[in-house]
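Remarks on the structure that follows.
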Amino acid sequence: MTMSDTHKTLLRGAKPLGGEPRDVLIEGERIAAVGTGLDADGATVIDAAGQILLPGLVDLHTHLREPGREDSETVLTGTRAAAVGGFTAVHAMANTFPVADTAGVVEQVWRLGKESGYCDVQPIGAVTVGLEGKKLAELGAMHDSAAGVRVFSDDGKCVDDAVIMRRALEYVKAFDGVIAQHAQEPRLTEGAQMNEGVVSAELGLGGWPAVAEESIIARDVLLAAHVGSRVHICHLSTAGSVEIVRWAKSKGWNVTAEVTPHHLLLTDELVRSYDPVYKVNPPLRTEADVMALREALADGTIDCVATDHAPHPHEDKDCEWGAAAMGMVGLETALSVVQHTMVDTGLLDWTGVADRMSVRPSAIGRLTGHGRPITAGEPANLTLLDSAYRGVVNPAGFASRSRNTPYEGRELPGRVTYTFLRGRATVVDGKLA
Amino acid sequence: MKRHLISAADLSRDDAVLILDTAEELARLADRPIKKLPTLRGRTVVNLFFEDSTRTRISFEAAAKRLSADVINFSAKGSSVSKGESLKDTALTLEAMGADAVVIRHHASGAPHRLATSGWINGAVVNAGDGTHEHPTQALLDAFTIRRHLSPDGSGAGQDLAGRRITIVGDVLHSRVARSNVHLLSTLGAEVTLVAPPTLVPFGVESWPCEVSYDLDAVVGKTDAVMMLRVQRERMNAAFFPTEREYARRYGLDGDRMARMPEHAIVMHPGPMNRGMEITAEVADSDRCTAVEQVANGVSTRMAVLYLLLGGNESAVAAARTEESK
């Protein structure tokens, strides 16, 4: 983090969006030139031959845990993990302690993000006071604050009251906001521990039925259409949810959706181990759901990949299933899982990856300076990926403060070698700068 | 090799028959003036009970003591657990005290599996009921009871339950007894039918090796044993059924229904019974009801399990899922 703003870096032979090899010259905070045979001219030269160059990744759904649960993650450690994973911007979820439901808390998180320097932190504000679903938080004040909040979510809890949801959708139209809904009908999921299906029946764990997600999504796309606002569906996890979003989009309604890397790869069969590292909300679903989600991400029905990075201290996972916390860390493995499930399977090319992991999430969050084309004059928010790399996930090496990854010991492709945030390398040769 | 009894599904037909045969041998002890064997002398069995269950606990305690094991009863109430100690720390404490076997009853499904596979302890783990998952020794004692009653020689040694028709009635959704029995009875060759209102049948039941019926009257006439499950009155408040009386009318076993059962068929109940709910007093007190006998058989069956896990035949009980999970 010591490089001055006038420093020059030349990426030699990188493949922007997986295309033909190009030299990319970064000067100060911007891309100065993209071409072939560019003159090094005093720049630090990085041999990027064969590596994929992407716009810096943007996460719409990150739990940074600060303030309140600094034992699992802080803004600093979380943004370090983000940089290692190739992210240049993350949206920090509101379910902190205290809840990010006031201008004061979102400004605190925003300021901590500025100080971290590893990636941009855009706070998300709570929809309701204390995430309780009863009373709208001061959405306007959060928007008007230095944090400039545009995305609001009670994530972790569903805004289940139809009137509160309707009012929130209407209210944020005044400043082009969006409500990101955690779709979970609470009565249908009382005591829920895992996906409701064949496996839950055998294991005797309380079921989380697909309809609990789908019924809320159906209601909310109708509400968004009715009031002419935009709604974003967090961590969509079932084939039925895909169908509803596809239908809503076919109507021309302003609906967007995200999928997590883990829902693109893992299924509820893993719960047979009773290992709480697989406990997550929404739960891991079935193989048919995984395939539907991949297809929907490929055809654009699902707009983006969002990590739902959810750090937890070791003791909250080193216990019996019923007592364990829900959630998985994901920032440092997201791009590898997407390469494995979407690129290596032929479902998505690298232009598609850039679209789903940078361009579209930036557009939904209304971020400027991220998700931009890799051309001269653009901000140098860039991620360089060695897609030929194969490695076994070892959580001991994580930059995150938490280790609750479901991929420990699993071989995954791809490794981020460099991440640039406005021209400064936050990751150098796969290590934090 | 580490060996546990976590799920009835871990038992092969031969494993199960060996346990039942061993229990049959051990049951003869009960008729002697001195009911004790020296088999497990010097071994320590811990009853680790996170949930109140006096009948299961004393059954395991009697079983271990008749085999001369030292028994430590650890109840969560009033212990370090009620002060917030984790399952892991409790397990490490028991391990430090040298537990050869841990009999665990826990409110969370999967807790015994976790205990067996986490590396926290080295001893054998016996599942004495976990959440709404399984209760394998209950299934074993039920199978033992069925085999005794339905075999021509009164013991059934060496035999399975091939072709027998067993009906399990009641709150299958929340029942660990039903889950273990479906696995074990089907492994032993029996044809199992579950009878319950649709609200109390688990979503996903179609993968189970059994039939499902919503109509008790259609099934009682062709069954060799009817197993009545306890139905908690609280379920009514969660809209699983409209009223207690309606449940009793449609799914309870009364004298009229019992009279329509084949003459040789028995009525079973794992206890504790809700008289007037799933079973009338007339049926509960009839000589076709084996509830009390099941309790006695529970001791012999649990002796067999502890004997085979701790001292007996290597092949007696299959390795738990430990070895399979990656």
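Backbone N, Cα and C atoms are what each Cβ position is placed from, and that goes for glycine too.
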Same-site residue for carbamoyl phosphate (record: TrEMBL; known: B:Arg55, B:Thr56, B:His135, B:Gln138, B:Gly271, B:Pro272; options: B:Arg105, B:Arg233, B:Arg235):
B:Arg105
For the domain 'Aspartate/ornithine carbamoyltransferase carbamoyl-P binding' (B:3-147), what's the mean pLDDT in this predicted model?
92
Cβ neighbours within the same chain of B:Gln138 (carbamoyl phosphate binding site) - under 8 Å, at least six residues apart:
B:Thr56, B:Gly129, B:Arg176, B:Val177, B:Ser180, B:Asn181, B:Pro270, B:Gly298
Can you filter B:Arg55, B:Thr56, B:Gln138, B:Arg176, B:Gly271, B:Pro272 (the binding-site residues) down to those whose Cβ is less than 8 Å from some Cβ in chain A?
B:Arg176
Among B:Arg176, B:Arg230, all listed as binding-site residues, which has the most CB atoms within 10 Å of its CB?
B:Arg176
Where B:Arg55 (carbamoyl phosphate binding site) and B:Arg230 (L-aspartate binding site) are concerned, what is their Cα separation in Å, rounded?
15
Surrounding CB atoms that lie within 10 Å of the CB of B:Arg105 (carbamoyl phosphate binding site), all protein chains:
24
Within a 10 Å radius around the Cβ, which one of these binding-site residues has the most neighbouring Cβ atoms: B:Gly271, B:Pro272?
B:Gly271
Same-chain residues at least 6 apart in sequence whose Cβ lies under 8 Å from B:His135 (carbamoyl phosphate binding site):
B:Asn127, B:Ala128, B:Gly129, B:Arg176, B:Val177, B:Arg179, B:Ser180
